[in-house]
Amino acid sequence: MPPKAPRRTAAAEPPPPPPPPPEDDPAQDSDPEELPLIRLEFEKIEEPEFIALCQKLKVPDHVRERAWLTWEKVSSVDGILEGYIQKKKELWGICIFIAAVDLDEMPFTFTELQKSIETSVYKFFDLLKEIDTSTKVDNAVSRLLKKYNVLCALYSKLERTCGLIYLTQPSSGLSTEINSMLVLKVSWITFLLAKGEVVQMEDDLVISFQLMLCVLDYFIKLSPPALLREPYKTAATPINGSPRTPRRGQNRSARIAKQLESDTRTIEVLCKEHECNVDEVKNVYFKNFIPFISSLGIVSSNGLPELESLSKRYEEVYLKSKDLDARLFLDHDKTLQTDTIDSFETERTPRKSNPDEEANMVTPHTPVRTVMNTIQQLMVILNSASDQPSENLISYFSNCTVNPKENILKRVKDVGHIFKEKFASAVGQGCIDIGAQRYKLGVRLYYRVMESMLKSEEERLSIQNFSKLLNDNIFHMSLLACALEVVMATYSRSMLQNLDSGTDLSFPWILNVLNLKAFDFYKVIESFIKVEANLTREMIKHLERCEHRIMESLAWLSDSPLFDLIKQSKDGEGPDHLESACSLSLPLQSNHTAADMYLSPIRSPKKRTSTTRVNSAANTETQAASAFHTQKPLKSTSLSLFYKKVYRLAYLRLNTLCARLLSDHPELEHIIWTLFQHTLENEYELMKDRHLDQIMMCSMYGICKVKNIDLKFKIIVTAYKDLPHAAQETFKRVLIREEEFDSIIVFYNSVFMQRLKTNILQYASTRPPTLSPIPHIPRSPYKFSSSPLRIPGGNIYISPLKSPYKISEGLPTPTKMTPRSRILVSIGESFGTSEKFQKINQMVCNSDRVLKRSAEGGNPPKPLKKLRFDIEGSDEADGSKHLPAESKFQQKLAEMTSTRTRMQKQKLNDSMEISNKEEK
């Protein structure tokens with residue numbers, strides 16, 4: 001408990017010191033009810049500042065006692081108080097905050113606490129990171145930080161925008177009572193009230209910014225023309241162009257309110273200037289903002305709402321929420337100031353070393369501008385798309401044995417109703433139309449990607465009957481969910497950040513809305529990325545993070561279909577039911593399609609013969625399906641690929657952790673990986689309702705223990721917390737048994753060690769188990785090497801396309817960007833006729849004849865001194881630019897063949913010389 005105020009009594013014998021508290025689990029939450037509230041005697045301990053701080057914040061006794069116990073634990077940590085004296089007061093404030101949140105007793109606002117300990121938002125949260133807190137506190141801090149970030153970005157945007165709209169020194173004749181600063185203040189507080197009323201989700205950036213544009217439109221119409229800059233002055237002139245008098249000014253708001261609903265010229269100008277979708281902003285304007293303004297009932301003064309009246313209205317909201325007083329942004333209060341280097345405020349581009357190029361530097365984007373740009377990019381793709389199936393899709397539907405069109409349309413309609421209701425429930429009931437707009441975009445993307453997938457499958461299999469795939473409900477729900485996730489992420493900040501710091505609509509929200517299992521959603525991600533070429537780099541990263549979330553925990557939930565699939569595969573294939581360990585060192589194949597993933601199990605690749613068909617029109621879906629099932633045992637493509645990706649993700653994280661903790665014992669990494677991989681393959685039940693990283697940390701601790709390496713679990717947890725994806729709940733709240741959770745140390749002792757004790761002890765013996773191969777780690781599953789691959793024994797080089805997309809939306813393919821594209825072969829694209837192959841064969845034959853004649857004449861072609869590249873104008877000095885494409889190709893073939901012939905002759909001569917020497 002905190003110290004009591006000192007008494008004025010005679011000196012007495014000091015009480016005996018209290019017994020030392022038991023050592024707490026560093027990774028374990030402390031439940032509020034479990035902490036002992038032992039009343040200690042603090043008469044001789046003078047901490048008047050702590051007492052004064054609690055009194056100033058009106059902290060109740062039980063909260064003060066909890067805060068003091070928290071302070072005792074915090075102050076015992078080595079180095080926590082190093083730096084400066086002020087840090088002690090700040091830590092007291094943090095301990096009071098922690099106690100108040102844990103006990104659900106918050107007698108003060110967050111801003112009042114900041115003012116009392118004189119610290120900024122970021123300083124407060126940085127200090128809080130040094131303390132192990134409960135999940136409850138973590139969630140409260142996360143909510144506050146996200147709200148602050150959004151408010152900070154929006155105020156910065158409003159301040160800059162008002163500077164572009166209003167004149168700081170207007171012409172004479174304007175009342176001195178009205179100025180740009182006053183308009184900024186009333187605009188900001190009106191926006192705060194509107195945001196609290198309309199947007200239920202505090203950290204939504206896009207809807208909030210659209211609402212801000214509505215507020216700006218409202219006050220532009222209320223402002224006198226002499227205060228406005230162009231083009232806003234011209235847009236607002238028909239409304240506020242008449243001269244003002246004090247009496248007329250008093251009735252101005254009522255007069256303009258009648259014109260608000262019909263006049264949208266100002267808001268159209270605002271949308272154009274900020275590159276916003278005008279239809280979306282108008283929807284917010286008519287459905288949300290105008291009803292809010294009508295119900296506000298604020299008093300007008302000089303044509304503008306009274307600042308004092310607005311501020312008093314906001315005061316009530318602020319005191320009720322107990323968090324940030326956003327009015328302080330207007331004063332640039334130090335408690336709300338960001339750090340000098342703040343990644344949220346602007347996405348800064350690196351400074352160029354050449355000062356002459358300073359003028360050409362890219363202007364850094366604010367968070368609002370960044371999100372608006374990503375939305376604009378999505379609109380470019382989807383504006384020309386339809387929210388109904390295209391003629392090509394309808395043709396595919398008609399070619400199916402069972403036409404899926406009716407079911408697809410009904411599914412889209414039914415899911416739409418569910419989506420809009422869930423969206424409105426999360427964001428605000430007034431935003432149901434916004435949800436409808438976003439769902440419409442998702443449906444457009446859904447049909448677009450579906451058509452691309454079917455075209456790709458048609459080219460690959462030469463069939464048009466996809467009845468089985470197109471009548472698969474899970475496939476459609478997964479594809480629709482992925483399209484909606486792309487749209488939702490585009491409109492939120494979660495794409496730019498870690499998923500855990502996103503909004504309430506962040507992944508896996510869409511899975512809950514559609515009642516879709518994460519493992520089924522995972523199956524479509526890779527195919528979605530491959531066929532939709534216009535996805536931005538950031539969106540591909542976002543989908544990759546979604547895939548990681550699924551692989552690390554979401555796919556391992558107890559109701560996941562993954563466990564049934566593992567069991568079926570195990571029963572069918574015996575001990576090698578999962579991905580073979582020997583295949584881990586092989587590169588990950590990236591040629592899986594949606595049909596492979598959703599129509600598996602298919603025949604095991606090891607027992608499957610490979611056939612190549614060119615221009616085969618007689619191939620049907622039935623024949624293809626029967627070919628898949630002619631041999632047994634069956635193997636699930638989706639399960640095999642899932643385990644390969646899980647192994648690679650697991651090893652990558654383990655490798656990072658080992659580099660930080662076991663750099664002096666590099667040989668242990670392979671042993672830890674073997675135990676880790678063995679657990680995932682043979683003890684996969686341990687993953688049920690748990691996290692991949694929990695098994696990783698337990699594997700590391702177990703091997704270090706048996707190898708007599710002094711590595712405490714606390715050290716492992718501390719290093720793990722520094723990983724970019726880490727969450728405290730991963731090691732604080734681990735499933736022990738049904739509905740019972742505890743720390744990761746308890747899980748290791750009572751569950752992990754009990755299950756794997758025999759296996760772990762084997763690594764201490766003289767004959768340890770065979771080590772598992774290290775997985776092949778590509779840079780990314782969705783990035784392909786651009787280096788050509790030479791096929792052994794031939795003069796053929798295979799190089800991937802520079803980009804996977806085909807002709808779409810007027811964008812050129814990589815082959816179109818190559819001057820000699822007519823002699824390039826793109827495997828997987830529509831080849832047209834066989835003329836191309838015949839032309840290549842003819843070139844090869846002609847080059848062979850040229851080589852023979854050259855060899856007979858004794859004048860082989862002279863090899864080039866340097867390589868020629870497929871770029872127009874390269875090597876102009878030797879005249880190659882003026883050669884026709886066929887002649888260049890022949891010359892290259894001749895040069896390559898000549899070089900190989902000379903190398904073979906040289907090798908043969910060397911062999912003969914060696915044999916002659918041996919004979920001698």
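Placed from the backbone N, Cα and C atoms, the Cβ positions cover glycine too.
Some features that Swiss-Prot has for this protein:
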| type | residues | note |
| --- | --- | --- |
| REGION | 1-34 | region 'Disordered' |
| MOD_RES | P2 | N,N-dimethylproline |
| COMPBIAS | 22-34 | compositional bias 'Acidic residues' |
| MOD_RES | S30 | phosphoserine |
| MOD_RES | S242 | phosphoserine |
| MOD_RES | T245 | phosphothreonine |
| REGION | 340-362 | region 'Disordered' |
| COMPBIAS | 345-355 | compositional bias 'Basic and acidic residues' |
| MOD_RES | T363 | phosphothreonine |
| MOD_RES | T366 | phosphothreonine |
| REGION | 366-763 | region 'Pocket' |
| MOD_RES | S560 | phosphoserine |
| REGION | 573-631 | region 'Spacer' |
| REGION | 755-920 | region 'Interaction with LIMD1' |
| REGION | 763-920 | region 'Domain C' |
| MOD_RES | S780 | phosphoserine |
| MOD_RES | S799 | phosphoserine |
| MOD_RES | T813 | phosphothreonine |
| MOD_RES | T815 | phosphothreonine |
| MOTIF | 852-868 | motif 'Bipartite nuclear localization signal' |
| MOD_RES | K865 | N6-acetyllysine |
| REGION | 895-920 | region 'Disordered' |
| COMPBIAS | 907-920 | compositional bias 'Basic and acidic residues' |
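Using a 10 Å radius centred on the Cβ of T366 (phosphothreonine) and all shown protein chains, the other Cβ atoms total 18. The two recorded residues T366 (phosphothreonine) and S560 (phosphoserine) have their Cα atoms spaced 40 Å from each other. DSSP assigns T366 (phosphothreonine) to coil in the three-state reduction, placing it in neither a helix nor a strand. A coil conformation is recorded for S560 (phosphoserine) in the three-state DSSP classification, outside any helix or strand. Taking all protein chains in view, 20 other C-beta atoms sit within 10 angstroms of the C-beta of S560 (phosphoserine).
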